[in-house]
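Data first, discussion second: the structure below is written as structure tokens.
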Amino acid sequence: MRILIEKLVFGGDGFGRMEDARLQRCSNFGQGRPIFVSKAVPKDIVDVKIIEDKKNYSRGVIEKILKPSPDRIKPICPYFEQCGGCDHQNISYQNQLKYKDEIFLEVLKRAKVKIKPEKIIAGSNHPFYYRNSIRFFFILDKNKNIHFGRHNFSDDSKFVIVDFCMLQSEIANKILATLKNHINKNVLYKSSFWQLKIREGKRTGDMMIEIITSDGELPGQEGIIKVLKNIKGIRSIYHTIAPGKSLLNLKRRLIFGSPIIYEKIGGFTFQISPESFFQTNSEGVKTLYDKIKEFADIQFGDEIVDLYCGTGSIGIYLSTLAKKVIGIEVMPEAIRDAADNAKINKIKNCEFINTDAARWIKQNKPGKFSKIIIDPPRAGLKKDSIFDISHSDFDILLYVSCNPSTFARDLKYFADRGIITQKIQPIDMFPQTHHIECVGLLLRK
């Protein structure tokens, strides 16, 4: 089916409309049934295979490019066309930013957020090799040899075999090659290998490896440790058991080195454990946190509450400017990391509380705090949390989000309660992908 790709939409797909009249079943659109096409570029004319039909739209994949867009370029990664890790390697980075601006503006418009955002800024100067954390799957072929795989772009149940990834460092790619070669030459029983996770301190050079298997033993453990520990930067190796290949009820054990590694952001040092959440672009994190600091306009004497604080990195980054920071987080492992991070940086004006943020908001109505920072999960805030925050007494509210859709929705909810957005800054933390980070500055009307 011949489709003209009109634009990109949030999620990474190209958007077009079917010309075939018998497929124009959606009364909401007068120019044909909408179709979303993976790996497409605006102004492409493509032959599309439909892979899914929903009530009001379809999804498709490109079978043939009939006329390429002027903005289409050749991706540098040989796995791009099948791998789900990147969405936009076929677009120059300058044009990726242009399209993300358009996408972000449309998301705000749909949510009826009236303020015009700032132009998107690049989180870092490195559109490749920026990831500090990445996960691979062990794939066993018919000859009982191990390979590494990533999810297929159109079907999460399938995998694309890769020898390297253009978003991680050369050292991380060396780990892949070394581990694969060693296991295939020296390990007899390979069926229990499931996942490999690599974490890296971009500013420290520290590396953490986590090998996840489906049962209690790590086949060939001594040899694996011996071959990996000689790679520059490896500080930590974990073996994690995932019974039934489920990420629930993981059992981790340190088999080499230190239980943690470190990363440096803007003069602060943060520890990273296997359970820690840490933004995957270390250089981009500094750009994000500097923008939060700018919007917050912290004055000495300010008391800040950091909701959904995770490992405390935002609060710690701002702490030297404030009188006090209180971080709220439901995950006990994250709170332990937050407290340790404060100690590492000799920060004494941060307190971290292990409780549900929504419950804490309802119980405390954070009125004594001059600044509130919210960095919720992708699902955004619950309506009752927005209600409770809106009835608090604060000077500035900062909303940080990795999901423009729920971000825009929540800004509209706040506006309906008299909390008005003054500034919005989108940041491209994840080049080559569809993801957009954003920060909003809100004040009471």
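Backbone N, Cα and C define each Cβ position, glycine as well.
Per TrEMBL, the features are as follows:
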DOMAIN    1-64  domain 'TRAM'
BINDING   Q279, Y308, E329, D375  S-adenosyl-L-methionine binding site
ACT_SITE  C402  active site
ACT_SITE  C402  active site, nucleophile
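Features as recorded by TrEMBL, highlighted on the structure.
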residue: Q279; record: S-adenosyl-L-methionine binding site; Cβ neighbours (10 Å): 22
residue: Y308; record: S-adenosyl-L-methionine binding site; Cβ neighbours (10 Å): 21
residue: E329; record: S-adenosyl-L-methionine binding site; Cβ neighbours (10 Å): 25
residue: D375; record: S-adenosyl-L-methionine binding site; Cβ neighbours (10 Å): 20
residue: C402; record: active site; Cβ neighbours (10 Å): 17
Could you measure between E329 (S-adenosyl-L-methionine binding site) and C402 (active site) for me? Cα positions, answer in whole angstrom. 17
Between Q279 (S-adenosyl-L-methionine binding site) and the residue listed as 'active site', what is the CA-CA distance rounded to a whole number of Å? 10
Span of the recorded S-adenosyl-L-methionine site, as the biggest CA-CA distance among Q279, Y308, E329, D375 in Å, is 16
Given the S-adenosyl-L-methionine site residues Q279, Y308, E329, D375, which other residues of that chain have a Cβ within 8 Å of the mean position of their Cβ atoms, reported in sequence order? F277, D306, C309, G310, T311, I314, P376, V400
Cα-Cα separation of C402 (active site) and D375 (S-adenosyl-L-methionine binding site), in Å? 9
Three-state secondary structure of E329 (S-adenosyl-L-methionine binding site) from DSSP? strand
In the domain 'TRAM' (1-64), averaged pLDDT is 85
Could you give me the DSSP helix, strand and coil counts for the domain 'TRAM' (1-64)? 3 helix, 29 strand, 32 coil
